[in-house]
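Per Swiss-Prot, these features apply:
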- 1-29: compositional bias 'Low complexity' (COMPBIAS)
- 69-96: disulfide bond (DISULFID)
- 123-145: disulfide bond (DISULFID)
- 184-282: domain 'LCCL' (DOMAIN)
- 212-234: disulfide bond (DISULFID)
- 289-446: disulfide bond (DISULFID)
- 524-544: transmembrane segment (TRANSMEM)
- 545-769: topological domain 'Cytoplasmic' (TOPO_DOM)
- 757-769: compositional bias 'Basic and acidic residues' (COMPBIAS)
């Protein structure tokens, strides 16, 4: 019985109370309106008991029996059932019995979305009973009644069959009930009334039963923009095309922040109403196979669109009008395709060139306000070769699927195929229309590749004779009154759509929901693009980090006060340019300690030499008599010009063996190193060629005056000069040194100036000797 077709309860149009018409089985209808119930307390229960007795004695006429049945859809794996008039008050003295069967070996779970049955008589006349099994061998699971009863726990059967019995007697209120069922393995079953407010998770997956297209429920919103949080989940899923009303199915929901406005649309026979601001909305996760297949974009060429006939005429201005098949492109300006004839034999055909997975179709009317033409209902046929056609039916259905069309000439209406169609050719066969058959179409779907084999490519249909309706239409003659052309009838039976009165064979519907494999190019791009993006991002980060680290390293290396010179190598290079001296002089260099002046500003003190470096300024040699004196103990300052006038304090070293040209200053006085001055009394100043000003620097921009007396040179010197050199005591306001006195100066910063000056002065010194 798993292949049993879903059934819906039918209501008689003559019965305003909504009671079901008697089944066409030859049995008499149950007594209803002509019977008056007895007052309470006087055999008031005799009528319900009589109805129940008659119901049990009648032969089985289907899955439901009685006059108390409401909205009912009983599917092979799930379904929905309600009491009569739900959600309004159910009438007095009604009865309904539902017999539910699923696949052998399965069990059934029942869950109530709403339960409101009056319990004033302690479940004596108004109640709901559930039984294990069907028929006389059934056993009772439970008897239920109560207004606003919260039945949160589901009820499970012991076998694959259950019976649900609803009885109503005399009562004053009560909406009745709404229940849903499914096989036992659907652990996440929900009812048709559940909304997102019943769940706390931002994302979740639930199973919707069949039959959730409720006539009394309302939804707001559309896909992909989202649905208002007050919309029932399963009914919104039907509108979105992710679940079938006949079969039910799994839905995946994502909750997000609401929007101020929700638009209205018609899809899958569900009308979405306009909605306003809500705190949240929800959308559905889909397989992604809902893209357009090329009618609007032009991927489907004009020759791939054909029709049974074409509406052509000449207007009062003498202009020809032809609403050809290639005009049936959705959202393209201009007129639509329109058929010349107005019968159910007309069709619009689309060739996709190869098999594709078709998941939906969108239609609209003429889109012209002066031509209120549209198709309100249609069938869909499909084929692999364009010759043998199959009418689309829902799984397990015995009748062709009639799709809800448009209700006006300009709004879009969407219908989804569940399960999808796998075919190359699609035909739309209108069965109802407004004035004339006119429509624009777009197909939804994606590429189809069955795992394990290549896509099936079919050859185009062979050319037919001139009477083929798809290829030939009679064009009107020019200059005559408006004239309509009628296509000739086809000779081949395969070209003619099925008449409504004809009996059709069971279609070979490809009931498969296999997700198509993505083509190699798409899969390769999906993998390479993220990898390339990540690789480029990583490379950029590495380059930025390396550049930043290098800048920091350079900055750290540039914070030294003075560079460190190799004393030994520099000293040996200088000695080669000077006359030989005694070893004693070379082994007694003067060193000055580095006072912690590096923490002072450049204007306060000058930069001092490092404590472990004995670096001396080269002497300036003039035309003097005697041997070359020991070089000056002053070190040139890097990065500063000779005119910089900051003081450079030095700590005088205390040594037992004094340098030949320097003596320590008294402890009480300022400690300044002074230049070594040679006695020039016996020589001409013109031969020296050096200025007589001192190169000592003072605080300020003016050069200091040289004053003081000269001390005699020590006996360790190599010079025999008659003059005596003395240390100068720094005192302000003294006159400058005499021009005849030779002073040592700080060498120039550039190598060229120092080298040239040294050569010239050394030559002058040799000439003097």
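Glycine is treated like the rest: Cβ placed from N, Cα and C.
Remember, it's a predicted structure, so these values are computed and weren't measured experimentally.
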### Message
Going by Cα-Cα distance, which of the disulfide-bonded residues (96, 123, 145) sits nearest to residue 289 (disulfide bond)?
### Response
96
### Query
Per DSSP, what is the residue tally for the domain 'LCCL' (184-282) in helix, strand and coil?
11 helix, 38 strand, 50 coil
### Message
Given a 10 Å Cβ-Cβ cut-off, pick out the one of the disulfide-bonded residues 69, 145 that has the most other Cβ atoms nearby.
### Response
69
### Message
Here's one to test understanding: among the disulfide-bonded residues 123, 212, 234, whose C-alpha is closest in space to the C-alpha of residue 69 (disulfide bond)?
### Response
212
### Task
Kindly state the mean pLDDT of the topological domain 'Cytoplasmic' (545-769) in the predicted structure.
50
### Query
Got a sec? Which of these disulfide-bonded residues, 123, 212, 289, 446, has the most Cβ atoms within 10 Å?
212
### Task
Could you tally the C-beta atoms, other than its own, that fall within 10 angstroms of the C-beta of residue 96 (disulfide bond)?
27
### Message
Can you tell me how many other Cβ atoms are located within 10 Å of the Cβ belonging to residue 234 (disulfide bond)?
### Response
32
#### Entry: Where residue 123 (disulfide bond) sits in the secondary structure, as DSSP reduces it to three classes
coil
#### Entry: residue 123 (disulfide bond) to residue 234 (disulfide bond) - Cα separation in whole Å
32
### Query
Which of these disulfide-bonded residues is closest to residue 212 (disulfide bond) if you go by CA atoms: 96, 145, 446?
96
#### Entry: Cα distance (Å, whole number) from residue 145 (disulfide bond) to residue 96 (disulfide bond)
15
### Task
Please state whether DSSP places residue 446 (disulfide bond) in a helix, a strand or coil.
strand
